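Feature annotations, reproduced from Swiss-Prot:
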- 64-463: region 'Disordered' (REGION)
- 70-102: compositional bias 'Basic and acidic residues' (COMPBIAS)
- 116-153: compositional bias 'Polar residues' (COMPBIAS)
- 182-212: compositional bias 'Polar residues' (COMPBIAS)
- 213-224: compositional bias 'Low complexity' (COMPBIAS)
- 242-257: compositional bias 'Polar residues' (COMPBIAS)
- 281-297: compositional bias 'Polar residues' (COMPBIAS)
- 319-328: compositional bias 'Polar residues' (COMPBIAS)
- 375-387: compositional bias 'Polar residues' (COMPBIAS)
- 421-435: compositional bias 'Basic and acidic residues' (COMPBIAS)
- 477-507: region 'Disordered' (REGION)
- 493-507: compositional bias 'Basic residues' (COMPBIAS)
- 610-782: domain 'tr-type G' (DOMAIN)
- 619-626: region 'G1' (REGION)
- 619-626, 669-673, 723-726: GTP binding site (BINDING)
- 644-648: region 'G2' (REGION)
- 669-672: region 'G3' (REGION)
- 723-726: region 'G4' (REGION)
């Protein structure tokens, strides 16, 4: 049993006749570490647990419910002595094996130890547990008599008078008893013990002639041993509902029970079975017989409304009449019987009701009723018994058993089982008849006790009329609203699965949706703006608020086949839009030059200082922009440009002494070629002052006007530099006149535009131009905050084979330092090094300072704004947000040339196949890539489509060669070189690699390549003309004698016979002879014979025209 003075939990529980869970709970209260019933504890710890269980301190709350095993011999002994018990208690014998159902007991402390004032509720001391075998040894069947019962009843009444119910309501919901629960005991204790328990727990009087001596001796024996009586069953508490109306109108106190310790519970007679729980087999007693005395037991209150209560758990006065007590804080053991009818076990039987508040019981226990009231109650019991005898049927024919439980015999209410003269159950006959009329409906209403117990009304709880109105509003639960059932039904209907719609219903619904969508799109916009001459059919339909099918149908009637993803040119868009009455406006190119980001923020206003101005030099090609900058910088940049034209944005900073102070100016040189429109717009976007260079001998040209529009879009002041005034034929006044037509009026003409005539070659008026620029910039009041993280714009970017991605950055606000983490568009970078325009390394760059920065993850897009962030995590998050848009933009650039126009699609339909020229474009900088792609868009593409498979800055690599070989593409390199191994790979794969330095030549060669893909045209070429002067018949045919008037005739050439200015025959010249000899051709002034196999009806005077078809190279034509 013990190992090294260790005791296991299950051994200790067996010794104490307790459940393992009780021992574990006691060990937990004593902080003894145990895990399960097989855990071992020391003898000292076991003694502590025993002392705690046997302790009678009322402050401790230890509730132990004992489930002792019942021996067979005890059961047999009880069975033999059962005859004495049957004389006072009517019950059916148990027929099941009693060994599997141990008797459940609930101990009780000695009544003398309880000194609790009823007005001050306190927690009830949890009774201790004693061994059932000891109780059985002391309580023998010989001492079972009525006197003992009466004496125990008197002790019980004393105990009840001092007992104050606990304030806490039961934690477990009431349990409805329908069938026998699992593990319910069937053992019958010794008759004396059983009778004592009936008297102490239920307060029932067994005999009309109690034996006082026997009662005293037995009570003394029990009290001395401190062995509380075992709980075998809970009696039925009944009331006389018609006897207490007068007192309940004025007081909550209910003092007179029907019998000592018995609660009056009308309506309990209709319960299907009360034997499904311990102690219910002694329910039918002879206490209602007419001769039974009604002793006044002050501790037991008369409790109306308890008739429907399934369980009296957690209330004083009822803890001895039940086993599965669930007081607040007491755990429910798995071995305890699960009563059917609880919210966990089954539907609630009719007549059961929710628990009554302990406060209500406290008020009901305070006073006793008089003897007169008792007599009235007994009389009413007789009347009710006679009335309800006819209407109440025995429920034993319909047994209810819980799962996995054995059947117990049900209590019968038949007339045969009643003793002569015994009064019937005290209840309202009408209410009983109503409940038994349709019990199934009643069960359905309260089938889930946990949810619907609030729906039990005052009638079902045993209170009716004025009795119910006496209860305090704080004690009674509110009624469940009648609308809850309808609401729940509506909710169920809402969650019901919808029927699957039929094909006809689906078609009808879709037709209605299409009609509604069409009506919603009837509102046409006032106008639409077409960006960059390109819109797909779907985009145009969205702008016009139309279905795409309407656009396709309109184009089809115009002889054009299109799809929803087809690109439309501006002319087609205007045609379609005018058909629907919507004008079209082309998106102005100047929008690219608008300043979209304000570099100065509100927190910078306190730390602003003056910054150098940024000046952008713009103008038409070959008007001397770079030469003017060379004169200012005193350098020779223009001579180094390929072809003498600028193809990059150059950023320079110049120091100029003005008013004995050195001033810094930042210049941006932009290309003047028409292909570099995006570069000019980008330069204008970041500028503070625009210098417009116009050649005095050439005047305003298209790019001059474009530069003016860029400057106006950027809202920057314009300074006009009239260059080349030293050349012959220069006319500055003519330039001023042309500019005045564009609303640029010179100051000497009364306008506000500064115009300075200069000569870049001879450096005339250069200082005056710089002074005017400084003057204009001072008016603009240019400021920045150097004490913040840098912000600015990417001017240019390219891929250097040694340095990696390199970007030209213009700092517009803040200070850029080495090591800063920045995000430029969707590109993340960390500055590894910075150099100025002279190639010198610098550590930081302030506002208006252009630098070349290294350290980007990839080549950034020119024109993107950059910003420095405090850490890489923040910058990476910003870059991630922009990644999607950047990928879409890059894809649009790569696929720009794939957009097929409608006219070229029509040509494809006519010719049978659309010619395509695949290109791979590599350039030195991102700006050059943009310029070339823009120029390719301007090429005629109605017959040959140019597809740019790859466009990126950087050198030509072997990967590019492999791509070109796989796709049959031509590689175009602009101002770039071939990587090591690329030339060898190109020769091996027979890939055509073209390198260019000037954009003119590049565009010309691409156009020639596109024309080379076109099939040549067959053109009719005239050979000569001859006149028929004689005819000769030869066999079946005829020969015409002709004279060559012009040109010549050739054998096998084509000829046309014209008679009276009408062509009567067209065919081949099959035979040509001169003087009977066959010849190949006959020239002008000679005579010859002409024969045709398919024509012989020659007439003198016919004209013969000889011609042949030759191929001619086709050229690209605009749409």
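Note that Cβ sites are derived from N, Cα and C of the backbone, with glycine treated the same way.
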On the three-state reduction of DSSP, what should I expect for residue 619 (GTP binding site)? strand
What is the number of other Cβ atoms found within 10 Å of the Cβ of residue 619 (GTP binding site)? 28
DSSP says what for the region 'G4' (723-726): how many helix, strand, coil residues? 0 helix, 1 strand, 3 coil
The region 'G2' (644-648): mean pLDDT? 44
Taking DSSP three-state, what's residue 625 (GTP binding site) in: helix, strand or coil? helix
